[in-house]
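Below is one structure; the comments refer to it alone.
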Amino acid sequence: MSKVIEINHPLILHKLAILRDEKTGSKDFRKLVEEISMLMAYEVTRDLNTEEVEVKTPVAVTKCKMLSGKKMAVVPILRAGLGMVDGVLNLIPAAKVGHIGLYRDEKTLQPVEYFCKMPQDIAERDIIVVDPMLATGGSAIDALTMLKNRGAKNLKLMCLVGAPEGIEAIKKAHDDVDIYLASIDEKLNEHGYIVPGLGDAGDRLFGTK
């Protein structure tokens with residue numbers, strides 16, 4: 001059963017408040033998304049495996065812990081997910097980066113993949129899928145399905161803000177994927193926007209409309 005983890009660290013809450021403000025421009029918005037993503041990644045990676053190693057310091061030989069087990073990958077959902085990548089890489093610089101681009105066919109409402117580029121060994125990696133907004137959950141569900149179809153098994157979803165509707169949709173479709181959020185917001189409005197949300201994260205990141 002998937003877990004839903006709301007990371008309410010004071011630094012995240014402070015930065016998220018500035019991020020939400022409609023007066024925050026694209027330059028500051030990008031920086032805040034990166035900073036919050038790095039802080040969240042600390043919690044998302046809390047359960048990574050470690051092994052004991054011997055290290056010689058300038059003073060003595062000692063036992064230390066280092067990461068062991070699977071390599072990692074971060075996979076942004078285009079385009080807004082790109083804003084979260086550097087924050088994760090600041091903490092996990094050795095992680096590989098894959099990209100997933102999706103849109104929905106207006107007639108069939110089915111997901112259409114327009115771009116997908118993954119590390120060759122993606123099936124063997126622990127994967128963090130990143131997207132600032134978890135609204136209906138449709139894009140995240142499709143992205144997780146695509147990764148599973150490529151053999152991925154250990155997946156986590158990291159979003160800045162999410163609506164209860166999207167969270168429930170993910171839990172129903174992918175009950176083996178844990179969901180990490182900086183905030184669980186109130187609801188979706190009639191246009192499918194998260195309330196209070198951030199507005200359109202992609203437009204605010206890249207200065208487009």
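From the backbone N, Cα and C atoms, a Cβ is placed for every residue, glycine too.
Swiss-Prot has this to say about the protein:
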- ARG79, ARG104, ASP131, PRO132, MET133, LEU134, ALA135, THR136, GLY137, GLY138, SER139, ASP200: 5-phospho-alpha-D-ribose 1-diphosphate binding site (BINDING)
- ILE194, GLY199, ASP200, ALA201: uracil binding site (BINDING)
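Taking the features listed in Swiss-Prot, we show where each one sits on the structure.
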residue	record	DSSP (3 states)
ARG79	5-phospho-alpha-D-ribose 1-diphosphate binding site	coil
ASP131	5-phospho-alpha-D-ribose 1-diphosphate binding site	coil
GLY137	5-phospho-alpha-D-ribose 1-diphosphate binding site	coil
ILE194	uracil binding site	strand
GLY199	uracil binding site	coil
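The binding-site residues recorded for this entry are ARG79, MET133, ALA135, and the Cα of MET133 lies nearest to that of ASP200 (uracil binding site). If you measure from the Cα atom of ARG79 (5-phospho-alpha-D-ribose 1-diphosphate binding site) to that of GLY199 (uracil binding site), you get 15 Å.
For ILE194 (uracil binding site) paired with SER139 (5-phospho-alpha-D-ribose 1-diphosphate binding site), the C-alpha to C-alpha distance reads 15 Å. For the binding-site residues given as ILE194, ALA201, the lowest number of other CB atoms within 10 Å of the residue's CB is seen at ALA201. For the binding-site residues ASP131, ASP200, counting C-beta atoms within 10 A of each C-beta gives the highest total at ASP131.
Over all protein chains present, the Cβ of MET133 (5-phospho-alpha-D-ribose 1-diphosphate binding site) has 25 other Cβ atoms lying within 10 Å.
Residues PRO132, MET133, TYR193, GLY197, LEU198, GLY202, ASP203, ARG204 surround the recorded uracil site, their Cβ atoms falling within 8 Å of the Cβ centroid of ILE194, GLY199, ASP200, ALA201, which are themselves excluded.
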